[in-house]
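Listed features, source TrEMBL:
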type	residues	note
ACT_SITE	LYS35	active site, proton acceptor
ACT_SITE	TYR261	active site, proton acceptor
BINDING	ARG130, MET309	substrate binding site
DOMAIN	240-364	domain 'Alanine racemase C-terminal'
MOD_RES	LYS35	N6-(pyridoxal phosphate)lysine
Amino acid sequence: MARPTSATIHLDALRHNLGQVRALAPRSRAMAVVKADGYGHGLERVARALAGADAFGVAALSDAERLRAAGISQPILLLSGFDEPSDIERLRALNVWTAVHHVSQIEMLEQALPGEPLDCWLKLDSGMHRLGFAPEAFRAAYERLSAMRGGTVGDIVLMNHFASSDEFADSPSQGVQTREQLDVFRATTAGLDAGHSLANSAAVLGWPEAHGTWIRPGGALYGMSVVEGRTGADFGLRPAMTLSTRLIAVNRVRRGSRIGYAGTWECPEDMDIGVAAIGYGDGYPRAAPAGTPVRVAGHHTQVIGRVSMDLMTVDLRGVPGAKVGDPVTLWGEDLPVEIIAERAGTIGYELTCSITRRVRFIER
Ligand SMILES: *Cc1c(COP(=O)(O)O)cnc(C)c1O
């Protein structure tokens, strides 16, 4: 029998989530961020399901190539821009827009041979201090790009990225960094004749004033929230991935027995233990401790012992009649990936991105 471990991707949930996001930002165009293989959901699959998006955002030129090869015709933005002069020809051939965040990119554009104009998203570092021009260098960068308009450069959009937009505007004690970033963005771009793009998912959900011309949601489209203590469902989003497997053993174990590697979990009574065909070799986090929720045959129960590479053990007290072959849900509907991630000390994005190649993907 084939290994029963699968990731089911809910195409209707992806479409539903795009609708939710659009309803929240009705005056903005929506770029669906599909980097990292569509946050692990499958790049081409996600792009086809989200055909209603106005554009796609990727982090690698090779992803743009994959999208074009799959027949995706919407605009595509390379979110961190190009790295070397030969990339400019590839961008033109693929009709892909590029972020411009560093003076080295402007120099490469100035030295490029004539060709199709490239739309450029000029990135301001408004306070995250990752990519982007410092405020004092931004206007000069804009002038240099503008001077190439109609030649190497087509349209210009002004963008930034938020560091803490998961702290919302609706509470005065919170959102200080986002408020500062917004102020810097406004002051630096005042009077420049170009569209604006500021908002990632959290800013779409919690910072209406930052919606601008283009929103750039990623996680929300997959049904995930990065807002502490709140899951996608709290914002009307639906999880786009269900990770599941089956029990391959049910064993009676005596009180005092210690389960799994290093014997970290001790049975408090005689009890049934289930062994599920999933582990960190499939992308389930090894860091998920005993007590992490899991569903077996529709019943909520918990992980016990250490997660190993191919297997994990689950508590079958409270799962009446549990037997080999019973379905096990690791995350999905009624079991938000954000909850599992929180137990494992990370965010849902990292978990969905980490599903490995031996997991079978199913579209539904
Ligand atoms: C990843 C990314 C996004 C999307 O962020 P989410 O939190 O997934 O919505 C938006 N913009 C840029 C530049 C990004 O790198």
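Keep in mind that glycine also has a Cβ here, set from the backbone N, Cα and C atoms.
TrEMBL annotations: computationally assigned, not manually curated.
With a cut-off of 6 Å between Cβ and the nearest atom of ligand 1, the recorded positions ARG130, TYR261, MET309 reduce to an empty set. In the three-state DSSP scheme, TYR261 (active site, proton acceptor) falls into the helix class. Taking a C-beta cut-off of under 8 angstroms and a sequence separation of 6 or more, MET309 (substrate binding site) has the following same-chain neighbours: GLY279, TYR280, GLY281. Just so you know, of the recorded positions LYS35, ARG130, the Cβ with the fewest other Cβ atoms around it within 10 Å is the one at ARG130.
In this structure, the CA atom of TYR261 (active site, proton acceptor) is 40 Å away from the CA atom of ARG130 (substrate binding site). Helix, strand and coil counts from DSSP across the domain 'Alanine racemase C-terminal' (240-364) read 16 helix, 48 strand, 61 coil. Looking only at the domain 'Alanine racemase C-terminal' (240-364), the predicted model's pLDDT averages out at 98.
ARG130 (substrate binding site) and LYS35 (active site, proton acceptor) are 17 Å apart (CA-CA, integer value).
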